[in-house]
Amino acid sequence: MDFKETLLMPKTDFPMRGNLPNREPQMQEEWKDMNIYEKVQARTKGRPLFVLHDGPPYANGDIHMGHALNKVLKDMIVRYKSMAGFHAPYVPGWDTHGLPIEQALTKSGVDRKSMSVAEFRKLCEEFARKQIDRQREQFMRLGVRGDWWNPYVTLDKGFEAQQVKVFGEMAKKGYIYKGKKPVYWSPSSESALAEAEIEYHDKRSPSIYVAFPVKDGKNVLQQDEKIVIWTTTPWTIPANLGIAVHPELEYSVVAVKGEKYVVASGLVETLESALEWENPEILRTIKGVDLEYVVAEHPIYGRDSLVVLGDHVTLDAGTGCVHTAPGHGEEDYIVGQKYGLDVLCPVDDKGYMTAEAPGFEGLFYDEANKPITQKLDECGALLKLTFITHSYAHDWRTKKPVIYRATAQWFASIENFRDELLRAIQEVKWVPEWGETRLYNMVRDRGDWCISRQRVWGVPIPIFYGENGEPIITDETINHVSELFRKHGSNVWFEWETKDLLPEGFTHESSPNGQFTREMDIMDVWFDSGSSHQGVLVEREELDRPADLYLEGSDQYRGWFNSSLSTSVAITGKAPYKGVLSHGFTLDGEGKKMSKSLGNVVIPNDVMKQLGADILRLWVASVDYQADVRVSDKILKQVSEVYRKIRNTYRFLLGNLHDFHPATHRVAIDQLNGLDRYMLAKLNDVINRVKKAYDEYQFSTVYHELHNFCTIELSSFYMDIAKDTLYVKHADHPDRRATQTVMYDVLVALAKLLSPIIPHTADEVWKHIPGVEEESVQLTDMPEPIELGDVSELKQKWDAFINVRDDVLKALENARNEKVIGKSLTAAITLYADGDVRQLLEELGPLDKLFIVSAVKVAGSVADAPKEAESYDDLAIVVEKAVGETCERCWVVSPTVGTNNEHPTLCADCAETVATYYVTK
């Protein structure tokens, strides 16, 4: 007789290998066929609503690891919430306006000048929609569940209509105004930029010190004295109209080689070195406040340069006397307004010097640095020229430097509702907590928001002008334009006559002849996405404002978190979100920024083709995402190994439940032995800790808890001990059915708990679990702890046993190394124990099964142990070769092998089992 046939070995169709790159797309097709998103929504309808509002990625190009990190984090939260008592719809979105799409079309050979604005905008829309299709497919391949075929898109008519309403409401409250002031200007994009569109890179710039002769010293300075300024932008010298000093700083008149220079006293020593002054002599000192209204002379043009007071002046660098060009700097502009200085800006849209900079007109601003510096040298005003490398503002799209340039722009006046913004920030839950301080400080210190852009692909600013140039924004015009956009889209602004965009019969006192024009600038794209709380949360019936959560990268404190807060507080007085969660950036394995030139870019599509989406998702769960995270082939390989262990755990559990049907085979809790109840108690602990971690968005805790549970509590402990019961006992043995009961509960819980992280694998497991009714684990709820009563004593006892077992395993390993035994089933152990350990050993049983050896004897106290015994706390262990023969069926070494004539190669237990259940009588 082949005794292997009498062993109940694991049987399952659940494959050992995940083969995720092939199996996941099949699973996703099944989800699509069963309308899984709609089914989840239908199942949870009526529960408390949880809205995670999707910050829209830009519709251009393939997704990168930052996208993958972001979307998987969102998906894990939404999946968990829908299994944890909430109704959690997820509406993905896309940001579709702006320069990158214009540039992509131009690069592809589209000649913008050969067509109308409306025609070009139609091409932009076509391009954006193709990009959405491309990215949607990739996001869905990640296993992200959402309303993918009904997303929100910022170019959709309904969204644009709501955006116009937001603008109109802000205008109605007096928050929108037009002004000429310096804004970030990108010559490469020919447009104003918002702070969120700026990034910093190192740039080499000239560093010059320039002397401005005193023209009218106001009895404080003399005409032979010169005020020294420092700048790294010589091209702005033609725009100089003033010199700022700090009212509370002390200034010195310093004599050097017959010249007299005015600089901050605190910088004399630094300047002595920087300007190579020999034996400088301080002639007198003056308070900054006393220098106000002194008139200096522009070294090139001879015009007045007024000395003004400014709190922005510091001793950090320069001379303490700050070159002031109101057309080229925010602080310069503010102080210039105070003193009535003109806003001179001799640079055009493309960055070329205009006729307002005589002698330099037609030069690109950066190229004007050299001739301007040479001219200053000719005038005898240049004291020093060097070059420095410093961090400088660049256009985030073109990667080219930007300048400050005063132009006529539309602004949202943050000043008018700054206090409301700051109050709203304090009412939001921020994770990490430092997010609150970061945004609070940004909002506290930020200037007004420049919302106009000199481009064509975007939502037009819905403003008309009367015959006298007066801007017209009324409830009537806003509502009418909003309805036009809802019906026809915003392209009509560029296609129709102005009169056709106005309400029928519209009149206004600024246009006695009924003639009107319209604004041709578009809105900043941050106004688009920043209006999504209105365009999506209010517009869509299944959502609500405020959202429960906004979750984006930490760069969005100055981007979407900020713009959304600004528009929402402006029109509702409240933040659009109850909570904000931010994540870090994705770096390579060494913590370096990914770049094509370094060859260290990890591409999500490649990872999914090679390893599968569940591996990428498991990586997301494994990292501390609130800081910057690392990813590389090596790291993903380590995650794959963890996945393999989890999958093996699933497979072992399924394999040993092949003949278990919960309806008929489940054993009642009170019928379970101590070890089985202990395992369920450990499962309860894991369920509680994992659900708490999910609630707190601590996914790495979920990952470690479940990985450790699979490898330590299950594989290395319970499943190891359970094998004998599962394989050797007959099918319906109460101990075997009890073990299967525990395994079943563990399996169902593990499928549910891991479902938000590895949904493809969890659903694959679910299909193989006997007795489950739901067609997908996604249509179930998170597991609840099993009612076990008070288990504190039980846990204490078995925790203590695990410590004893660890000591026994060490002793067995040492005996194996010394060739005393082979496998642990060839061993017999004698235990000498004192105190609690002895009591524990006497209470537990059968010890040979628990230690997975052939024989265990509990002898005297530790003091009685022979010298060769291995000693541990309150325990000494002797390992010997077990006496008897090896049973052919269970591999235990037993003196009872050979005592049964029918089955002489079996131990007594196996002989009885075989005779009773497997021999035909």
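In case you wondered, yes, glycine gets a Cβ from its N, Cα and C as well.
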(Q) Checking feature assignment: motif ''KMSKS' region' per Swiss-Prot, candidates 488-492, 513-517, 593-597. Which range matches? (A) 593-597
Q) Given 57-67, 90-100, 431-441, which one carries Swiss-Prot's motif ''HIGH' region' label? A) 57-67
Q) 10 Å Cβ neighbour count around Cys890 (Zn(2+) binding site)? A) 20
Q: Determine the Cβ neighbour count for Cys910 (Zn(2+) binding site): the number of other Cβ atoms within 10 Å of its Cβ.
A: 25
(Q) Quick test of the contact rule: Cβ under 8 Å, at least six residues beyond the ends. What residues does that give for the motif ''KMSKS' region' (593-597)? (A) 64-65, 585-587
Q) Among the binding-site residues Cys887, Cys907, which residue has the largest number of other Cβ atoms within 10 Å of its own Cβ? A) Cys907
Q) Mind checking how the motif ''HIGH' region' (57-67) divides into helix, strand and coil residues in DSSP? A) 3 helix, 1 strand, 7 coil
**Q.** Distance, Cys907 (Zn(2+) binding site) to Glu552 (L-isoleucyl-5'-AMP binding site) (CA atoms, angstrom)
**A.** 64
Q. Secondary structure at Glu552 (L-isoleucyl-5'-AMP binding site) (DSSP, helix/strand/coil)?
A. strand
Q) Over the motif ''HIGH' region' (57-67), what is the model's average pLDDT? A) 92
